[in-house]
């Protein structure tokens with residue numbers, strides 16, 4: 001069976017399909033957010049996360065990535081001057097003696113630091129971990145000051161655009177597998193942007209700050225972005241308008257061709273390099289069968305300082321209804337790009353290791369899925385218990401304990417009530433509420449006859465089984481179900 | 001098949017069994033520790049961790065635990081006065097406006113805070129996550145300032161010692177499953193300790209500090225601990241010596257009976273409660289079939305302030321050789337106990353929720369396993385790639401890209417070299433080095449005949465397969481292997 005199908009099956013069968021059972025299971029809990037802008041994750045949320053992260057990580061492994069882990073905090077200097085205007089959002093640790101430390105802001109900079117520190121010239125790695133940013137949390141969007149990132153990166157000197165194309169393929173596989181609805185991947189190139197700025201007459205000193213203004217398109221209207229560039233950042237109005245003509249453009253490979261012919265842009269060496277690579281990229285994504293998902297978009301900038309070439313961002317396409325409500329809120333769920341200079345910043349001799357990568361916006365995806373489930377009132381099992389050990393009579397704790405130890409030692413997921421003499425009804429209700437499929441019942445009668453009663457919670461059927469055959473019988477039933 | 005066997009199989013087959021292959025796979029890397037006392041985890045280390053954590057988490061799930069996650073940092077006040085003399089090791093975040101925050105020191109206090117905050121009266125949860133402590137790292141012991149904890153806790157009012165006994169059972173299942181060698185679980189009770197202090201004549205104000213001195217037994221000799229209590233903490237010598245008589249004692253349930261008869265201890269109400277519970281605990285662990293692993297040890301104290309009842313600690317028993325080298329270094333690999341007062345500290349009305357739990361010292365376990373593997377020079381695969389897509393001729397990048405996309409879409413783990421025209425030998429070497437079992441080869445000849453060559457890296461056998469049957473054939477082979 002195709003794995004994407006299988007994964008999709010695994011995820012949605014449990015997320016959306018089987019979710020109406022067990023009856024009593026709890027619905028995705030309300031968000032437990034704290035004054036400090038973080039939150040606890042409830043068991044229901046953890047189940048959703050586990051399944052989504054499983055799908056993401058299997059995709060990363062399918063593409064040959066190795067796992068890597070770096071510490072939550074880095075030396076403060078490692079993080080400085082990597083995040084442009086966002087650097088103010090970095091959490092610093094208090095100086096309690098020793099080095100000045102900061103919590104990591106993303107997983108990319110620590111990865112680059114790792115490569116340089118260990119002189120690694122080639123590596124395909126994935127990293128799932130938390131990052132921290134001092135943003136004012138806007139809970140609606142599922143934004144918190146602590147959140148999970150899933151990164152995949154390819155480091156090394158290779159022939160152009162082959163790893164870059166694989167990154168786009170991975171984004172497509174994951175977003176299709178999660179079935180979040182229709183999506184589009186906007187692609188641009190930092191060199192095209194810089195070329196565009198140059199030919200429009202932006203002074204080079206303003207490239208970075210204008211770039212981060214452009215990055216706000218989508219969240220802000222062109223009118224507001226233009227105002228920011230002119231009023232706040234002192235850009236000449238006519239320069240802003242020239243930029244305006246370009247950033248309206250988006251399309252397929254034909255737009256790349258068109259830009260090659262553009263009288264102004266075609267005069268800029270950098271822009272031509274970027275366009276050349278994009279042309280190649282479109283050739284490769286066509287071979288990967290995902291060309292119709294890719295859109296060359298001159299308004300895509302990406303805020304981070306460290307990008308040097310192609311940049312991309314996956315957005316979920318709003319349904320007509322959504323589009324009417326909030327026309328500007330295109331939901332970015334994955335993004336990335338090429339950063340050929342970052343590793344060199346950590347190498348004493350400045351040796352460069354070209355890198356390209358992507359980050360899946362899993363938090364956004366978690367909240368979309370949780371929202372869906374709330375809307376459909378779907379329930380979810382938070383434990384995996386297969387068998388419950390019960391007794392109808394008093395003074396059977398000893399028998400129950402002996403029995404359950406046998407099940408545990410056989411690898412069977414089993415529970416009992418931590419009471420000396422629970423009522424049978426209480427025990428059976430627990431099974432129904434928790435969605436436990438099987439109950440093992442031991443009482444005086446069974447003890448005399450050397451049997452155990454095995455009850456199916458769903459059908460309420462009970463059969464007597466020889467004590468010594470119990471484990472085998474349970475394993476048989478579980479393998480069948 | 002019994003799951004422990006299965007898990008043990010899964011873990012050790014790959015950790016110790018199959019480890020000599022693939023030939024070129026890399027050995028567990030050297031530790032990449034940083035000046036700040038943290039370290040990066042290499043892909044080799046990540047593979048070991050993934051397998052060990054899989055075993056631990058499956059055990060927690062087998063006992064019906066739900067997953068829960070809490071933030072890396074808590075309000076500073078949440079952590080204060082919970083860790084006794086270790087509080088100085090807490091990392092604080094810099095005051096950048098807003099609340100004062102600290103990095104979590106363990107997973108227990110955040111769990112208690114969660115229960116109180118959400119008025120949860122009953123919960124069986126597990127939590128795998130990192131914690132941070134400003135200790136001077138002693139790398140030999142595998143101690144770092146950032147490390148992973150695996151906690152299992154049972155919160156709620158239940159009949160005595162049933163959950164406590166399950167915690168000991170879980171520790172046994174995990175340590176047996178990991179096959180780290182022979183182990184012992186020391187058990188004691190805070191009430192017995194306090195009773196012992198009282199009858200020995202320790203002033204109540206000194207209970208906590210004397211308790212943390214006793215906790216150092218094992219790491220320190222009785223002589224040194226006695227010195228600390230008398231010289232540093234101002235305990236009367238004869239009081240210290242009375243304590244000395246008790247803390248030498250360890251044994252099975254018979255020692256519990258003996259202490260019931262102890263002229264001094266039997267006069268102390270608290271001690272008698274503790275002894276009564278221990279007696280019950282021994283009854284239950286006997287039913288669980290793990291009694292021979294449990295030792296009542298009056299020297300076991302556990303440093304943390306929040307324990308209120310039974311406490312336990314699992315130690316690996318040194319081989320005779322090890323015992324000679326470092327007689328005092330008993331390796332604690334898991335520990336826990338009962339803390340009935342902690343949740344109440346977070347509840348505005350002080351409502352209590354009794355809790356008992358355990359923490360697996362996975363870092364210690366990771367380093368033991370890594371050490372073993374180094375000693376045996378064992379190798380490990382860091383990727384899961386199943387198929388490599390190669391071509392013997394130039395200008396076949398397009399074919400390779402089309403082919404690999406087909407494999408990825410079928411859920412097959414596949415890689416190729418990011419080069420336009422790699423040499424066939426280079427491609428085959430890559431497979432051998434990375435331990436990739438299958439190679440798909442496409443060239444002019446194959447293209448003409450509408451076939452693909454499928455090569456087994458191990459046997460070097462090649463067969464031609466119809467292009468349209470390739471995916472099915474590969475899946476057949478992979479399911480067989």
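Glycine is treated like the rest: Cβ placed from N, Cα and C.
Site annotation (TrEMBL): L-histidine is bound by B:106, B:107, B:108, B:149, B:153, B:302, B:306, B:307, and the candidate from B:133, B:134, B:264 recorded at this site is B:133. Candidate binding-site residues: B:108, B:149. Fewest other C-beta atoms within 10 angstroms, B:149. Summarising the L-histidine site geometry, the residues cited as binding it (B:106, B:107, B:108, B:133, B:149, B:153, B:302, B:306, B:307) extend over a maximum Cα to Cα distance of 21 Å. Using a 10 Å radius centred on the Cβ of residue B:106 (L-histidine binding site) and all shown protein chains, the other Cβ atoms total 20. Sequence-distant contacts (6 or more apart, same chain, Cβ under 8 Å) of residue B:307 (L-histidine binding site) comprise B:190, B:337, B:338, B:339.
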